[in-house]
Structures are given as C-alpha cells and as structure tokens.
There are 2 protein chains.
Amino acid sequence: MTLMKSWLESANSEDTPFPLNNLPYGVFSMDDGEMRCGVAIGDRIVDATGLEAAGILRADPEADVLDAPYWNDFMELGPKAWAEYRAALQAMLGAGADEATRDALTTYSVPMAKARLHMPFRVSEYTDFYAGRHHAENVGTMFRGPENALPPNWLHIPIGYNGRASSVVVSGTPVRRPMGQVKAPDEAAPRFAPSARFDIELELGAIVGQASDGPLTVAQAFENIFGYVLLNDWSARDIQAWEYQPLGPFQAKATATSISPWIVTAAALEPFRVDAPAREVPLLPYLAEPGPMLYDIALSVGLTPAGGRETILSRTNGRELYYSAAQQLAHHSSCGCPMRVGDLLGSGTISGPTKDSRGSLLEMSWGGQEPIALQDGGSRSFIEDGDTLALYGHAQGRGYRIGFGTCTGTVLPAEAPPG
Amino acid sequence: MTLMKSWLESANSEDTPFPLNNLPYGVFSMDDGEMRCGVAIGDRIVDATGLEAAGILRADPEADVLDAPYWNDFMELGPKAWAEYRAALQAMLGAGADEATRDALTTYSVPMAKARLHMPFRVSEYTDFYAGRHHAENVGTMFRGPENALPPNWLHIPIGYNGRASSVVVSGTPVRRPMGQVKAPDEAAPRFAPSARFDIELELGAIVGQASDGPLTVAQAFENIFGYVLLNDWSARDIQAWEYQPLGPFQAKATATSISPWIVTAAALEPFRVDAPAREVPLLPYLAEPGPMLYDIALSVGLTPAGGRETILSRTNGRELYYSAAQQLAHHSSCGCPMRVGDLLGSGTISGPTKDSRGSLLEMSWGGQEPIALQDGGSRSFIEDGDTLALYGHAQGRGYRIGFGTCTGTVLPAEAPPG
C-alpha cells in the first residue's frame, strides 16, 4: 500500500500521522466548547457531526448517529456501515474530488491546532490483558523469581482482568499520584501513603464495535473490533505488590488509564497485519487464528521532567504481543460473557526482548535497581511529580504512516486524604 | 421500630416482605410490556412512573426522573431527595392517608402477582469484594492449604476485584453453564469444556447512588450508598482454579451475576445496623467506621432440582461480614478512582462459622469431598443442569420484616462453542 493522495496538501506529507489512508475518528471542541465528532486529515479535523446534520455525509439515512460527543452510535451500525462511511470520506477527501465537494469539506473542517480533543467514545467496560510475553516474564521474575516467571497458564490463556472504565481519560488529562496501602517486606504493617513506585504501561487498546451475547470465534471477534488507540495503564507498583494476591490488581490500576484521542480503525491498519510469534505449545481450538491478527506498529515512550527536555526511554512494536486483540475478545466471550459496543481491551504492556524495548519503568529500571539516565542529567526509577509521560505510535507504510497521535499525561503530587 | 400501618391490608401482615417500613424500588411491566418504575407494598406495586407523570408524586419538580426503565436518574438527585420521596410515599400509603389519596394510589398500582420484574437499575460498573472472613478462610484453606488460608493483606484491606457489569441479570433469568479452560492438577494440558464445578456465591450487593471523583471517608461512602439487593455471583470453580493466578478471577465469574429485583433502601435497613466483628488488627484510619455499618439480615440458600422439592442448604446473616459496604466503597475510591451512580458492589460470599451457614457449594461440600444431601434423596457437590438456586433474605423487626424478594436462577446445559 502506498500513499492515497488528498486534495488537502497537509495530508500528503510523508510525516503526517493523518494521511487519507488513516482517517481516524475523534471528538473535538472549538472555542464554543460544543463537542462534535471529527475525522483527522493532515492538519485539519473534518466536522463529521456537521456533515451529517447538513446531509452531506450520513452514516445512517434514518438516524443522526454523530449528533453526540462519542462514536458509539456510529459503531452500533456495524462493519458494512463502517466500510461505506470510510469509502465515502476517502472519495470526498481524495485528489479526485470535485470543486463543490472540496468547498463543502473545507467549510466543514477546522484547523486541528485550534481544537481541543476529548474522549472519542464512551467506555462501556474496560478489560486489561497481559498478552506481552517479555513483560510477563520480566514482571514474573521480579515478583516471583525466575523459576516462576511465566505462570503455568500463560501460554494457554490470554490472561486478563477487569479494569475500571470510569478511570479512562483522554490524552492530556493530568494524573494525580495515588494514595494507597503499601507495605514493604520488612515492615510489620501496611501504611496509607502516596505511591512511591508510580509507573506507566505502554499498551494498545482495542475498541469493541459490535455487541455479542455468547462465545465468539476468533474470526468473529476480529470483525467486531472497530479500531485501536494507544493506552497507558498507569500503575502504582507498591500498592499492586501488597494488594494483588489473591484476586488481582485493583486500586493500583484504578487512578487513571490514558488513551490517545484518535480511534485508528482496523481498516486503516489492515495493510500492517503480521503473524503472532511461533506458539510454544498448541493453543486450544477456540483460540486458533485464521490469519495474521497482530499489527506492525512502532511504539515508543518519552519522559519529560518539569521544565526539561524529553528523553525517549524505550522503543518497541505491536508485533511483540503473543495474543491478538481478536484472541483476547474470543477468550473474553468464551464463558458467555456479553460484550458491548464501547468495551475497551488493553493489550497488556508491550515489551520487546531487549532492555531498551521495555514498556514500563518497572522493567526498564528492573524494580528500581538500575535507574534510567535522562538527557538533562538525573535519572528515574519511577515517575516523579511533574514528569510528563508520552506514548507514540505509528504503522509505517511506503511513503506514508498511520499515526495514532500522542498519549500523554503529567503527574501531579498526591493529595492528603479527606476526613 | 415496629410495623408502620398502611391502609393497604396486605402490607400489614407479619409475613409480607413489603410492609410500609420497606418500600423497595424496582422496575416492572404488565401485559403491554412497557417497563415502569415501581414501589413494592404488600401484594401490590405502586406505579411510580405513572404517579410522576400525573403530577401526584414527583421526586424532582423540574424533571421526569422516573420516565425510564431504571432508578438511576432518581438516585442522581441525592440523599435529601431520597428521604423526601420516601417520606411522601409513606404518608400516602400510611393508615392516615385521606380517601382521595387512597383512590389515587389504588388507581396507580397493580397486583404484584401479574407483573413481570426487570433489572431495577442500570449497572454502571460491578465490583466484587471478598469481605466475609469465614468464606476467605474456607476457600483459602482449600486453594492454598490451612497455613496460607487467610492472605496476609486480608485483615488490612477489603479485598476486591472488578467484575463484569454486562453479565448482571435480574432474578429469574436462566443461567447457562459456561464453557471454559479447565485443567486438573494431574492433566498435562488444559481442555475447553463445560464447567463441572459450577457454583453460587451468596452475597449482598450495595448500590452506589452518588458519584464521586476522589477519596471518600467511610462516613461519606455510607451516605452515598442508596440501597441493597441479594446477589448471586455464579462461579465456575474449575475455570477459576486454572485462570486466577496471577491477575484474579475473570471468565469464571463473567457468565452471570443475578440480583434480586427490589432495591431495599439504606433507609429501610437503618434500624438493623450492627457492629462489625472485633478487629484482630487495627484498621488504617481511612477505613475507620464512625458507627455500626453492617446489617442484621437473615440470609438463606435453597436448591430445587428439576421437578423436585427445595432443600434449604444454608442459613447465614449479613453481620458475618468483616468489612461493610461503606468501607469497601471508601477503599474503592482511595486511589482517586471515580465512582458512579449505579455502581454495584458485591459483598463477597457471606459464610457463617458453621458448616450449615456456608454461602457457596464449594464450601458446603468442601470442594466436592462431602456431598450435600437433598430432601428428595440424591446429593450435590456442585450445581447440576436443571437445578434452580434461590437466595432469600430479610431483616426481622418487631412484628414486621424488611424482605428482599427472591434471587433465583435455573441452570441450563452448556452449549458447544461456535465455529
């Protein structure tokens, strides 16, 4: 696949995250504060809510599905409508569009630099998986020792746990360092204190675009996934270590989960599908993949101290996952669990095999034992107040890229509890 | 507290679960299928949606909060509105009401026996706790041995995990036996099979009626809880045993969670508050209780085989919990996790100290080693297809009771997976 040309020049640059091939979906507001559905193209946002209201481009002839500050109603329409809408947008924004169409789209678009971005969809429920093998091995080694690094079920199950949907925020939202119960191994009793080991997790988030009410095959699950975002599952490692046995992470993961503001559609990522790593043990038939279902997406993490310069801490890739989002969704539904439009599935931390490709500070600093040097001098084992953490991601085509935009958040100091 | 007299005779019986002291909130439909908000009183349901539309009783003078098949919008109004509405209903249904009021309430009510009951509220998110000490010890002994029965954090943290809101169903909904990955200790690899150890968990569910966006004190959390339901957290023990390490229960608990159809308000349960058990170790200040916050609620579990008679398997009480719902909610919010109207908090299984007071079959049959005898002959270690499981609960006042109605579900055979 090569660059699809647009009449909008800024969409034709090799470097723009938002060429005509991409067309990700978001929610934006301008000075009047009204939230509208938008589509990113080059340096502009197409006002999809406006196009619908004007009758210029409608996803559903009967209903206003974009007259809302989220894309959930659009997702409800299903894969056929998704494909038709995308094709229509590509025609209207493509180099072959006529003058009247160009004028209309120019009228119904705004400069991205002046827009504020919001959550692109309403999160129904949020599930976080653990599908990165290097991450599971690294964390397992630190928490349980090298001989118990990979849990016995890990090569059979895309392990996941339910997270907290209410804590999902859009990129740019500040994140307050949590308070919580912590207890060091040498302490007699726990303390209630600010987390001293506050961390990121570099993940991809998959958005479920179709509801289901029983077990899905992997192929069905793949069709039900609408798109992807970058996802940072902020994690308080000290709270986690004390609370997670026996029922899993809870308050350690409920302060915030940040996502990038644009939903990059599965359609835009289609040319970048890659096979999963070789299976060390056979998967059960209900998890068998009919084709490549991971994506070749370059990912990186940057840390910027307050008033300082950014250090890129790590570079990794979506293909490092062991289980695809489609396999996760198939497993999620296997017990009959109803899935809903707007469900968000975090991939789990995506670490590569080397130290400079790890997706969390816990791994990069090996539990704080090997602090990471910063560009400006200084170092980090975990996040300090005022630090801004950013995730970046794109799929690289020939002469174009499918970008996700940034997923960023600045950490604020903890606040004393009430009462 | 003694019985409050109503002009509706069926509400004055010692045995009715729904005297004037109770007035629980639900959603019902009649033959036309339209779902409306209702209030249970004696053998009738007051049509709260109808009273609102007619201007006879309004919770909010400005907005129709009951013109919906759920009580969430009503809950949004907050504790002052809850108290005023309840007081108004008690006056209109009380023995002192005038003739015109009696006529109106008779017009705007229906016989309960002819109504169908639905989910009384929209579940925003569902969290399940583990706050019953006897249950935690019993299960810990079976899963990890007597020396590791109670996890080291258990006496300090109201341990919980996020469940799956989409799987919560109202009493009466059939429950299909789940398929899932299971692996016995002596098997080399897992199988995908129907759960052979399908179980119940007898719990109380607390409903969060006010949103919050930061840490709550226990006193604030108590005020934010709108009411309670009986809750059966159906659990596939064989799926759970294989999947739960290291991130907690997932598919084992996502098939269904049943709740009783009536929200019994915190106000109705106020006379039944009791102290928590003595604390074996001091709790951290953020979990300190300003007063008694558990409830004296008699609970029981019945099992009815297909075509057979019911056996009451177990009797226990809400006071057997170690942590109150208010403590659970305070802990839930302690990291800054936003809580929302309609969040449902399961208490965790409520087992008493004796064998006949255990709240799950896993405990009653001690992992299947000691099958439970049934009235009709036969026995159970876990649930068989066609069995109907029922939870019952009430608080006993002097000459009246605050009943919850039944929480019931019949188990259907597993279905083969798709594809």
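Just so it is clear, glycine is given a Cβ too, placed from its N, Cα and C backbone atoms.
Per-class residue totals from DSSP over the domain 'Fumarylacetoacetase N-terminal' (A:21-120), listed helix then strand then coil: 38 helix, 22 strand, 40 coil. Residues or ranges marked as domain 'Fumarylacetoacetase N-terminal' in TrEMBL: A:21-120.
The annotation domain 'Fumarylacetoacetase-like C-terminal' is assigned in TrEMBL to A:126-411. In the predicted structure, the domain 'Fumarylacetoacetase-like C-terminal' (A:126-411) carries a mean pLDDT of 97.
Taking a C-beta cut-off of under 8 angstroms and a sequence separation of 6 or more, A:ASP128 (Ca(2+) binding site) has the following same-chain neighbours: A:GLY160, A:TYR161, A:ASN162, A:GLY163, A:GLU203, A:ASP233, A:LYS253, A:THR257, A:LEU345, A:GLY346, A:GLY348. Per TrEMBL, the feature Ca(2+) binding site maps to A:ASP128, A:GLU201, A:GLU203.
According to DSSP, A:TYR130 (substrate binding site) is assigned to coil rather than to any helix or strand. Taken from TrEMBL, the feature substrate binding site covers A:TYR130, A:ARG144, A:GLN240, A:TYR244, A:THR349.
Long-range Cβ neighbours of A:HIS135 (active site, proton acceptor) (same chain, at least 6 residues apart, Cβ-Cβ under 8 Å): A:GLY348, A:THR349, A:ILE350, A:SER351, A:ARG358, A:GLY359, A:SER360, A:GLU363. Residues annotated as active site, proton acceptor in TrEMBL: A:HIS135.
According to its DSSP assignment, A:LYS253 (Mg(2+) binding site) is helical. Residues annotated as Mg(2+) binding site in TrEMBL: A:ASP233, A:LYS253, A:THR257.
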Inquiry  = Within a 10 Å radius of its Cβ, which of these binding-site residues (A:ARG144, A:LYS253) has the fewest neighbouring Cβ atoms?
reply    = A:ARG144
Inquiry  = When you rank A:TYR130, A:ARG144, A:GLN240, A:TYR244 by Cα distance to A:GLU201 (Ca(2+) binding site), which of the binding-site residues ends up on top as the closest?
reply    = A:TYR130
Inquiry  = With Cβ-Cβ distance below 8 Å and at least 6 positions apart along the chain, what are the contacts of A:TYR244 (substrate binding site)? List them in sequence order.
reply    = A:PHE250, A:ALA252
Request  = Any same-chain residues 6+ apart from A:TYR130 (substrate binding site) with CB under 8 Å of its CB? Would you list them in sequence order, or say none?
outcome  = A:ALA136, A:TRP154, A:PRO158, A:ILE159, A:GLY160, A:TYR161, A:GLY348, A:THR349
CB within-chain contacts under 8 A for A:GLN240 (substrate binding site), separation at least 6 = A:PRO249, A:ALA252, A:LYS253
Cβ under 8 Å to chain B, applied to binding-site residues A:TYR130, A:GLU203, A:ASP233, A:TYR244, A:THR257 = A:TYR130, A:TYR244
Query = Per residue, counting other C-beta atoms within 10 angstroms of the C-beta, which of the binding-site residues A:THR257, A:THR349 reaches the highest number?
reply = A:THR349
Inquiry  = Other residues near the Mg(2+) site, CB within 8 A of the CB centroid of A:ASP233, A:LYS253, A:THR257?
reply    = A:TYR126, A:ASP128, A:GLY163, A:ARG164, A:SER167, A:GLU201, A:LEU231, A:ASN232, A:TRP234, A:SER235, A:ALA254, A:ALA256, A:GLY346
Query = If you take the centroid of the Cβ atoms of A:ASP128, A:GLU201, A:GLU203, the listed Ca(2+) site, which other residues of that chain have their Cβ within 8 Å of it?
reply = A:PHE129, A:LEU202, A:LEU231, A:ASN232, A:ASP233, A:SER235, A:THR257, A:GLY346, A:SER347, A:GLY348, A:THR349
